[in-house]
Ligand SMILES: O=c1ccn([C@@H]2O[C@H](COP(=O)(O)OP(=O)(O)O[C@H]3O[C@H](CO)[C@@H](O)[C@H](O)[C@H]3O)[C@@H](O)[C@H]2O)c(=O)[nH]1
Ligand SMILES: [Mn+2]
C-alpha cells in the first residue's frame, strides 16, 4: 500500500550556538564548585564573634544561587524552538474535523480578582479564531459570588457585539480592556467605518464596566437586575462561600438558538457558570479541586477532547493560541506523545524599571 507523506504540523529547531553555551555552562559550574569549596574549606567555627556566622550566611547564599543556576540549566542546556504550522493544520483538517476544545477559567475571590478582569479573560478566550461550535467556555467561581455571575451574564451579552467586531477587524489581543489599552499607545484606526464601530463597542464596554463595578461597590446585584434572569435564583438557598450546593448555569448554548447568536446571526461558543459544591467538613483543594469539578461538569455538556486552562488574572494574548496548540496534538507522527502544551506567561503591569525581572522576558524567549 502506498504510504502517505505528511508534512509535520510543527518543527523543532535547535538554538544556534548550543555547543559554545555548553562549554560556557561547564566552566561556570566548575567556577561555582570552586567558590563552594573555598567557602567550606575556610570555615572558622570558633572564630571572632560574628565572623563564622557571616561566613556561614555567605555560604548559604552562594549555595542557594548556585543551585538555582544549576536548575535553570534544565531550560538552557538543550535549547530548542518549536514552530507550529497553522496553515498546514487548516489545509489538512476541514473545520468539521477539528476537535472540540473546552476552556476552563478559574476564579476564587471577587475582591482579589475583580469580576471585570475575569470577564476580560473569558471574552479573550471566547473570541478565539476557531469554529464556535467546537468551543465551550466554563467559568469556575470558587467564591460563588453573585457579582461574578452577574459579570458573566453581562459578558454573554457583550460577546454578541465583541466577537463579530474582533473577527471583522482582526482585533489583537482579544481581551477588550487590553485591546483598548493598546489603542492609547498606537494610532487610532484611520478607516471611518472601523473608527465608528470602535467608538460604539468602546461605549458598550465602558457602560458594562460601570454596571459591574457599581454592583461590586454596592456589595450586591440590584433587585431589578436579579428579577431579569432566573440564574440568580441559585443564590436563594445560598448560605456561605464555604457551604453551598453546586451552582450551574448554562448562559449560552446552541440548543437555545434565540439567545446564543451574535448580532450578525452566527452562533456563539457555549458559556457555562459553575460554582462547585462546598462543605466546611470537606477539603476543596483549591484550583486542582476546581479543575476536577470542571472536568465532571464539562463531560456532561460538551465533553471535548482538548482542555485549555487559564487563570482569571491572565488573558489570552493571541487569537491563534488554540490552533497553535493543536498543531502539536494533531501531528500524525509525534502528536500521540504530547500530553500538554504550555504557553509562556508575559506580564504587563510591572513597575517601570522592572527591578526583579518580573516581565519574565527571558523565559518567553527561551520557551
Ligand atoms: O481555591 C482556589 C484558589 C485558587 N483558584 C484559582 O487558581 C488560579 C491560580 O491561583 P493564584 O492565586 O492566582 O496563583 P498564582 O501563583 O498566581 O498562579 C500560579 O501558580 C498556581 C499554583 O501553583 C498555578 O495553578 C497557576 O496556574 C499559576 O499561574 C487562579 O485563577 C485562582 O482563581 C481557584 O480556582 N480556587
Ligand atoms: Mn495568579
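Heads up, the Cβ atoms here are built off N, Cα and C, so glycines get one too.
Listed features, source TrEMBL:
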type     : residues : note
TRANSMEM : 20-40    : transmembrane segment
TRANSMEM : 52-71    : transmembrane segment
BINDING  : 113, 142 : UDP-alpha-D-glucose binding site
BINDING  : 287, 311 : Mn(2+) binding site
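Here the features listed in TrEMBL are placed on the structure.
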residue : record                           : DSSP class
113     : UDP-alpha-D-glucose binding site : coil
142     : UDP-alpha-D-glucose binding site : coil
287     : Mn(2+) binding site              : helix
311     : Mn(2+) binding site              : strand
Subject >> Close approaches to the transmembrane segment (52-71) from elsewhere in its chain (Cβ under 8 angstroms; 6 or more beyond its ends) >> reply: 28-29, 32, 35-36, 39-40, 42-46
Original post:
Near the Cβ of residue 311 (Mn(2+) binding site), how many other Cβ atoms are there if near means within 10 Å?
Top reply: 16
Original post:
What is the number of other Cβ atoms found within 10 Å of the Cβ of residue 142 (UDP-alpha-D-glucose binding site)?
Top reply: 23
Original post:
Can you list which of the binding-site residues 113, 142, 287, 311 have their Cβ under 6 Å from some atom of ligand 2?
Top reply: 311
**OP:** Return the residue, from the listed binding-site residues 113, 287, with the maximum count of other C-beta atoms within 10 angstroms of its C-beta.
**Re:** 113
Original post:
Just the number: how many Å between the Cα atoms of residue 287 (Mn(2+) binding site) and residue 142 (UDP-alpha-D-glucose binding site)?
Top reply: 9
**OP:** Calculate the distance in Å between the alpha carbons (Cα) of residue 311 (Mn(2+) binding site) and residue 142 (UDP-alpha-D-glucose binding site), and round it to a whole number.
**Re:** 12
